[in-house]
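Report on the following structure.
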């Protein structure tokens, strides 16, 4: 039996770090929303008791480093599943980009295998399992738009922001999330107003959203990788309504309301950056139907 599952990327409209926890993680407060840039996974049930990862993308690991592999392994161990699965990952989301591509693949694997193996788990139970794999996996199980707290695994759903274009630009560099958090000095950064962002999203205020975007990690990544700051400057210069780095980077996104301006920004960035995408805010929550 085969099953096809979609794994959408996310962006952070607001990201704040409140402090370091005793378990080594950081306490965060952030707003994430899904976009219609997505990986596609094909799950094929195997009679043999093994997990196989296949992908044409050479940057996708085919072993336990892969979060989709970890998701399948977790379900097999928790629920004593003796069957195996082959997971083919068609990557569209850039790897190590601050867009939760790996986490979304893991979330899609949890949702898909819940059906394929008839486990009968609720979406809340899947999200709880997702937290054992990675901080963003719980959100990716649900999708939509949400406030994430704790280390990112506590999810509270809010309204979907008004529909708009999202221009993404990723420079040809990798950013270590651990290094970014390691260099973060909480008393020397500007903290975004996450609560205000919740208010303007819930009231459908597009201009308010554009005025309130913020990411406490931006200046840290900019200091480590000045080319990320240059992309942000270019996107602003081309006329995006709001520009922000997603996650710990290096991807920068711009919000754009008008089609003509979207095309102008997209074409301008194509001459400046190798990986550029024009997508829409998705905002739809996943279901198990």
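Using N, Cα and C of the backbone, Cβ positions are placed for all residues, glycine too.
Now, the feature entries from Swiss-Prot:
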ACT_SITE  10  active site
ACT_SITE  136  active site
BINDING   94, 95, 96, 97, 98, 99, 100, 101, 102, 103, 104  ATP binding site
Set of same-chain residues at least 6 away whose C-beta sits under 8 angstroms from residue 94 (ATP binding site): 101, 170, 251, 275
Rounded inter-Cα distance in Å - residue 136 (active site), residue 96 (ATP binding site): 13
Number of other Cβ atoms within 10 Å of the Cβ of residue 102 (ATP binding site) across all protein chains: 27
Nearest-integer angstrom distance between the alpha carbons (Cα) of residue 104 (ATP binding site) and residue 10 (active site): 8
Residue 96 (ATP binding site): tally of other CB atoms within 10 A of its CB: 18
Nearest of the binding-site residues (96, 98, 100, 102) to residue 10 (active site) - Cα to Cα: 100
Extra residues within 8 Å (Cβ to Cβ centroid of 94, 95, 96, 97, 98, 99, 100, 101, 102, 103, 104), ATP: 9, 93
Same-chain residues at least 6 apart in sequence whose Cβ lies under 8 Å from residue 100 (ATP binding site): 9, 10, 32, 93, 136, 139, 140, 247
For residue 136 (active site), the number of other Cβ atoms found within 10 Å of its own Cβ: 28
Neighbour count (Cβ, 10 Å) for residue 98 (ATP binding site): 29
DSSP state at residue 102 (ATP binding site), helix/strand/coil: helix
